[in-house]
Each structure stands twice: as structure tokens, then as C-alpha cells.
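Features reported for this protein in Swiss-Prot:
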TOPO_DOM  1-33  topological domain 'Cytoplasmic'
TRANSMEM  34-54  transmembrane segment
TOPO_DOM  55-60  topological domain 'Vacuolar'
TRANSMEM  61-81  transmembrane segment
TOPO_DOM  82-167  topological domain 'Cytoplasmic'
BINDING   GLU99, GLU110, GLU113, MET146  Fe cation 2 binding site
BINDING   GLU99, GLU102, GLU110, GLU113, GLU150  Fe cation 1 binding site
BINDING   GLU102, GLU110, GLU113  Fe cation 3 binding site
TRANSMEM  168-188  transmembrane segment
TRANSMEM  192-212  transmembrane segment
TOPO_DOM  213-219  topological domain 'Cytoplasmic'
TRANSMEM  220-240  transmembrane segment
TOPO_DOM  241-247  topological domain 'Vacuolar'
Amino acid sequence: MVIAGVSPPTPSSENLLQEHEEKHFTATDVVRDVIIGVSDGLTVPFALAAGLSGANVPSSLILTAGIAEVAAGAISMGLGGYLAAKSEEDHYMRELKREQEEIINVPDVEAAEIGEILAQYGLEPHVYNPVVNSLRKNPQAWLDFMMKFELGLEKPEPRRALESAMTIALAYVVGGLVPLSPYFFIPFAKQAMITSIAVTLLALVVFGYIKGRFTGSNPVLSSIQTAIIGALASAAAYAMAKAVQSV
């Protein structure tokens, strides 16, 4: 179908499309899960270990408590990620069923909504009416269009909930082992805590830089921002731990 005012693709334009390589990063859900897992993993076990270090307990006890917290935190965070992704999937399916019923029961209203959506992009009725008619002949394409452009919902991946749970849990474990690593090698808790602070800050800087590279933001700015936010969060958690100990 040729839309008025729009030239059909020519062989040369099709060749250009084939030669052009998009460099957009689209795995935003995975990046979000990794950020959630690693950032929490770097912060919570560090605060626990630092708080126990101030109580003059041996490194072995801190290590045992820290590993137990990492295991429990990974399970909890993973379960939270699973439930969140599952809720999104359930919401999508409910809206999909509702939209299917509306297309069957009130097709003229739904067709008018297509026109309203396309008009928001500056298209005139004589331009978008052929598009509306084409979509009415293809119910599945019509349904997909309404889900995406009317409701703003993307179809979740079938295994998204499980993948989210595994990604967050694994990222939490990786992040949590970083501040605990000095306690494996340094028997004196306060010395291990100083090393843990340095290692955790370095990990936050590296993590922020990598995050910036993947998300397209300034890597240096991202690393500084991540380090500052992580340091403030860790300091707040440490202060709360010390306050509880003093009660």
C-alpha cells in the first residue's frame, strides 16, 4: 500500500537499510536487574560487615554472617524480581484480553481510536484512513497496534520473570562478595574493614563506568555518580547499624 505523500521504498533505499547497522542498546530490563542486584549487593553486606567490625568481633564471624546475608539477600531480591516481572506479565494479559473484547464488541470505536493515535503524529485523515482500514482487515496486527500505541504495553518475554529473578540474585551475590572479600584474607576485623571500604569504592567506580558504557551515558560521570550514591547509602546503613548497637 502506498500512502499519499510518501514515496515507496526504492531498491537503493532498501540497500541502504540493509547496510545500515543500528547501534541502539535494547536490553534495558537486563541492565535494570543487574543494577538493582549489584548496587544492593555492594551496599547491604558492606554495612553489615562494617557494623560488626566496629563491635570487635573476629573476621571469621563477620564472614559467616556476611555470607549468610548474601545468600538470604539473593533469594529475597530474586523473589522480588520474579514477582514484579510476573505482575507485569499478568497485567499485560488482562489488558490484552480486554482489548480483544473491545475490538470484537465495539470495532468502530476502536478504529476511531486508531485515527486519534495517528493524528497525534500529525497525520491527516486522508493519510491514516487507509492504515485504519488495513488494520481492521488484520485483527492480530490491530490488537498489537492498540496494545503498543494506545496502552503503551510491550509483550513480555515468556521467561522474563525467571530470567529477572536469576539475574538479580546472581548480581546480588557478585556485588555482595566484593565487600566481604577482605575478610577472607585479613584476620583482624578493623583492618579488613578499611580494605573493604577501599575495595567497595573501587567496585562502585568500575560498576558505574561499565553501567555508563552500556546505557549510553557519560561513563566517567556515571562512575562518579554511582560511587557517591553507593558511598552515601553504605554510610547511612553503617550509621544505622552502629546506632542499633549502641541501644
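The backbone N, Cα and C atoms fix where each Cβ goes, glycine too.
Sequence features annotated in Swiss-Prot and their locations in the structure.
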residue: GLU99; record: Fe cation 2 binding site; contacts (Cβ under 8 Å, 6+ apart): LEU143, MET146, MET147, GLU150, LEU151
residue: GLU102; record: Fe cation 1 binding site; contacts (Cβ under 8 Å, 6+ apart): VAL109, GLU110
residue: GLU113; record: Fe cation 2 binding site; contacts (Cβ under 8 Å, 6+ apart): MET146, GLU150
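Per DSSP, the secondary structure of the topological domain 'Cytoplasmic' (213-219) breaks down as 4 helix, 0 strand, 3 coil. Report note: the Fe cation 1 site is defined by GLU99, GLU102, GLU110, GLU113, GLU150, and the residues of the same chain whose CB lies within 8 Å of the CB centroid of those residues, excluding them, are ILE103, VAL109, MET146.
Taking the mean position of the Cβ atoms of GLU102, GLU110, GLU113 as the Fe cation 3 site, the remaining same-chain residues with a Cβ inside 8 Å of that point are GLU99, ILE103, VAL106, PRO107, VAL109, ALA111, ALA112, ILE114, MET146, GLU150. The number of other CB atoms found within 10 A of the CB of GLU110 (Fe cation 2 binding site), across every protein chain shown, is 21. In the three-state DSSP assignment, the secondary structure recorded for GLU113 (Fe cation 2 binding site) is helix. Every protein chain shown contributes to the tally, and the Cβ of MET146 (Fe cation 2 binding site) ends up with 22 other Cβ atoms within 10 Å.
For GLU150 (Fe cation 1 binding site), other Cβ atoms within 10 Å of its Cβ number 16.
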